[in-house]
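In TrEMBL this protein carries:
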DOMAIN    7-53  domain 'Chitin-binding type-1'
DISULFID  C10-C25  disulfide bond
DISULFID  C19-C31  disulfide bond
DISULFID  C24-C38  disulfide bond
DOMAIN    86-281  domain 'NodB homology'
Amino acid sequence: MERRQTVSRCGADFGGAICDPGYCCSSAGWCGLGYLYCSAPSCQINYGPGCDANTRPCGSDTTNVSRPQLGSVPYGVAIYHCEVYGDIALTYDDGPWDYTSDLLDLLKNHSAKATFFVTGNNLGKGQINDPSLPWPGIIRRMIAEGHQVASHTWAHQRLTDLTPDQVRDQMLFNEVAFNDILGYFPTYMRPPYSASNAQVDSILGDLGYHVTYFNLDTEGYLHDDPNTIQQSKDIWDGAVEGANTATTKWLQIEHDPVWQSVYNLTGYMLESLFRNGFRSVTVGECLGDPSGNWYRTGTSGPSTCPSTTSGAPTPTPTVGLPSTDGRCGVNFNGTTCVNQGPDRCCSPGGWCVRHRERDFKHVVKPVLELNIGIVTDDNNQHHAHGHAHCRPAQHQWPLRHQLQWHDVRQSRLG
């Protein structure tokens, strides 16, 4: 259950107030618990000690791992395109996610390769090395099936807004998680929102990272709807259909938490890619970098975990009685929408509505964040105050997506 502490306002707009230990500061400036407050990247990390972005994963420290800069691909310098003509490197940011296993199936069926820029703990999905979650197995599968794994930072923070120490933490935390899963961690990364500057590039270079961008963006994240995804296909067609492989090469970007990108656009791109004679490769391959340079051997030192003695209560999902008047949530005695129809969900405002009506465009952001009546099950993606089958329409996203992707759409880059 989403919870707020008694002293509730926080952030730069409220005198720089910091939430109590273990609590999170939402983007609207409320202290509380649960993904509406704590999920990255929306949680204000300077004012919410409990923000997901501030929580180090369990695993061995990688700070002192040797970081030789091997190969000819530059470190700490922006890379926008492939070096090998005829190559197309498909890349996917922000996962792993609920759709990633199906995406891997699709790539396998086409004998295609991709590069996954993995975010460690974003969108309330939990830490990627949590053994109780599917993410470690999915990341190992990526490697086993010949894909490249790279870093998209720990919590999808805009690196240019962080202090140097915070930038390092966002990279090192992800290293700890990767090392815990694989025994090594990537040398390739992509800055969230494509936001970097000279200071950030210098830090990334010191840590031994290739700073990887793209030169083909289908904008699938802007067209996550069956009625608009054709716009992304048109962008792809303009770059690939009929192109001369002897003079064409693309480093492309998608996002595996985007339903239409996974289940509609990817298959379309793969068929076009091979039909036009291109090779489907990883980023490292398209840059001519030997696979031995893509990762660093981690450390087998003692594993440490963040302290859990902050005193902050653990949010616990609960389910209440059926609604009798169409209202729901903890602000309405914990009532649920279970008797209001098979497609009813509990909206952020405490109304039982059809699941398609929960699209973010119908919700005022502060209302979404201030409401404390939303109870979620991150594994099943439904509201506990909604119906048991209350899932988002396939081209719409669960509310735990919304806070990050509002910002992504604003910047047009994720």
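Using the three backbone atoms N, Cα and C, a Cβ is placed for every residue, glycine included.
Distribution of TrEMBL features across the structure.
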| residue | record | Cβ within 10 Å |
| --- | --- | --- |
| C10 | disulfide bond | 28 |
| C19 | disulfide bond | 29 |
| C24 | disulfide bond | 33 |
| C25 | disulfide bond | 30 |
| C31 | disulfide bond | 28 |
| C38 | disulfide bond | 26 |
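C19 (disulfide bond) falls outside any helix or strand according to DSSP and counts as coil.
Under the DSSP three-state reduction, C38 (disulfide bond) is assigned to helix. Rounded to a whole number, the distance between the Cα atoms of C31 (disulfide bond) and C25 (disulfide bond) is 5 Å.
Note on the domain 'Chitin-binding type-1' (7-53): DSSP counts are 9 helix, 9 strand, 29 coil. Among the disulfide-bonded residues C10, C19, C31, the ones whose Cα sits within 10 Å of the Cα of C38 (disulfide bond) are C31.
C24 (disulfide bond) is 5 Å away from C31 (disulfide bond) when you measure Cα to Cα. In the predicted structure, the domain 'NodB homology' (86-281) carries a mean pLDDT of 98.
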